[in-house]
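K.L.:
Okay, these came from Swiss-Prot:
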type    : residues : note
MOD_RES : K111     : N6-acetyllysine
MOD_RES : K138     : N6-acetyllysine
MOD_RES : K163     : N6-succinyllysine
MOD_RES : K163     : N6-acetyllysine
MOD_RES : S212     : phosphoserine
MOD_RES : T214     : phosphothreonine
TRANSIT : 1-34     : transit peptide
Amino acid sequence: MAASAVCRAACSGTQALLRTCRSPALLRLPALRGTATFVQALQSVPETQVSVLDNGLRVASEQSSHPTCTVGVWIDVGSRYETEKNNGAGYFLEHLAFKGTKNRPGNALEKEVESIGAHLNAYSTREHTAYLIKALSKDLPKVVELLADIVQNISLEDSQIEKERDVILREMQENDASMQNVVFDYLHATAFQGTPLAQAVEGPSENVRRLSRTDLTDYLSRHYKAPRMVLAAAGGVKHQQLLDLAQDHFSSVSQVYEEDAVPSITPCRFTGSEIRHRDDALPLAHVAIAVEGPGWANPDNVALQVANAIIGHYDCTYGGGVHLSSPLASVAVANKLCQSFQTFNISYSETGLLGAHFVCDAMSIDDMIFFLQGQWMRLCTSATESEVTRGKNILRNALISHLDGTTPVCEDIGRSLLTYGRRIPLAEWESRIEEVDAQMVREVCSKYFYDQCPAVAGYGPIEQLSDYNRIRSGMFWLRF
């Protein structure tokens with residue numbers, strides 16, 4: 001009787017639990033409607049509005065309730081558009097932009113930016129150049145005016161050019177102290193040898209010492225054209241106001257090329273190769289290994305980003321030890337293989353670099369490469385649904401958290417319009433991520449990793465870095 005009573009009680013308790021789980025009140029709890037809320041949140045993101053001026057300059061904005069705004073000009077020009085003779089000209093101009101314009105000479109530009117409590121920044125990459133200002137939303141008219149002045153009226157006084165040479169040369173010395181920056185420049189130099197993508201953004205020191213006012217003027221007149229520019233804004237910005245301001249200040253930007261000499265991108269070939277810079281005086285070795293990756297618009301990028309998320313990243317300061325979700329991180333901890341590692345997928349217009357960078361002591365290099373290549377081969381042959389689901393969730397989190405604040409959103413708008421021709425909505429990114437499954441990861445990884453020639457760059461105490469032919473043989477498995 002007692003046992004029967006227990007069974008009846010258990011059955012009635014189960015039925016009560018089932019009734020509770022079907023309760024509309026419980027289903028409204030945040031924890032049980034997280035998926036729906038996530039999708040709805042993506043669909044409720046403000047729309048990116050895009051307009052085009054008569055001269056071809058694109059104006060794009062995303063309005064939000066932020067009291068601040070970030071406004072920037074993105075230009076489709078970088079070191080890959082430069083020649084061996086003028087390599088570094090774009091980086092030089094970026095520095096001169098902070099030193100005044102024809103209308104605001106000397107430190108007048110800096111004082112005017114500071115007077116409204118704004119922050120001016122600029123950067124150059126191999127394909128893009130950007131100038132951006134973050135300020136209060138009420139100062140939008142002044143911000144657009146300042147950006148227009150910087151882009152159209154950079155001061156190229158001989159005295160300022162000479163002064164800036166020394167500044168850039170000192171910066172280059174500081175950059176050389178960053179082993180990670182050096183090894184990635186080495187990786188580009190060997191992977192894209194003989195092509196414009198091999199050129200560093202800063203250019204060689206010989207060019208910095210040699211570039212003249214004429215070189216910089218020619219660079220400006222050749223590349224700073226309206227159809228290659230995007231004026232982007234994010235934050236407390238109304239699109240119509242931004243468009244009106246752009247019409248006032250940017251409509252005079254030229255869209256005509258002298259003698260119809262429209263710059264074009266030269267396709268850059270990838271070469272499986274290596275570059276080694278051995279320096280036993282350094283405490284740790286930096287090694288980067290990469291295969292050729294897809295260009296910006298290639299749909300394979302999403303599956304490859306999921307694959308990179310599965311391999312993950314690691315730093316010796318992390319907690320978790322051998323219980324980290326990344327198999328490579330667990331092996332690295334258990335065997336004390338490295339100080340850190342990270343995967344990367346660097347995309348350009350038609351090509352890219354897909355691989356990993358790690359920092360370790362001299363005696364662990366060979367083992368680290370062995371286990372890294374083992375993870376790549378495993379993804380090519382036996383990626384599972386559970387780890388793909390984990391990778392997709394990691395990618396979702398990175399996608400959302402990256403766009404936190406007006407500056408990251410503004411950068412995403414400007415970069416997206418130059419690379420994709422449009423701003424891809426978060427909801428569309430989510431649908432692309434959702435389509436990825438284990439079969440897709442295996443197929444895409446096999447396409448890019450399996451039996452492919454890698455590019456390898458090593459810097460530091462790298463005596464134990466394996467011979468290239470041995471590294472190449474690790475890019476496939478003999479399966480029977």
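Glycine is treated like the rest: Cβ placed from N, Cα and C.
Can you walk me through where each of these features ends up in the structure?
P.N.:
According to DSSP, K111 (N6-acetyllysine) is assigned to a helical segment.
Cβ neighbour count for K138 (N6-acetyllysine): 12 (other Cβ atoms within 10 Å of its Cβ, all protein chains included).
Around K163 (N6-succinyllysine), the C-beta neighbours below 8 angstroms that are at least 6 residues distant in the chain are K99. Secondary structure from DSSP puts K163 (N6-succinyllysine) in a helix.
DSSP assigns S212 (phosphoserine) to coil in the three-state reduction, outside any helix or strand.
Cβ neighbours within 10 Å of T214 (phosphothreonine), excluding its own Cβ and spanning all shown chains: 9.
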K.L.:
Compile a sequence-ordered list of residues in the same chain as S212 (phosphoserine), six or more apart from it, whose Cβ lies below 8 A from its Cβ; state 'none' when nothing qualifies.
P.N.:
I161
K.L.:
What is the separation, in Å, between the Cα atoms of K111 (N6-acetyllysine) and T214 (phosphothreonine)?
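P.N.:
Cα-Cα, rounded: 28 Å.
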K.L.:
Which state, by DSSP, holds K138 (N6-acetyllysine): helix, strand or coil?
P.N.:
helix
K.L.:
Please report how many Å separate the Cα atom of T214 (phosphothreonine) from that of K138 (N6-acetyllysine), as a whole number.
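P.N.:
Their Cα atoms are separated by 39 Å.
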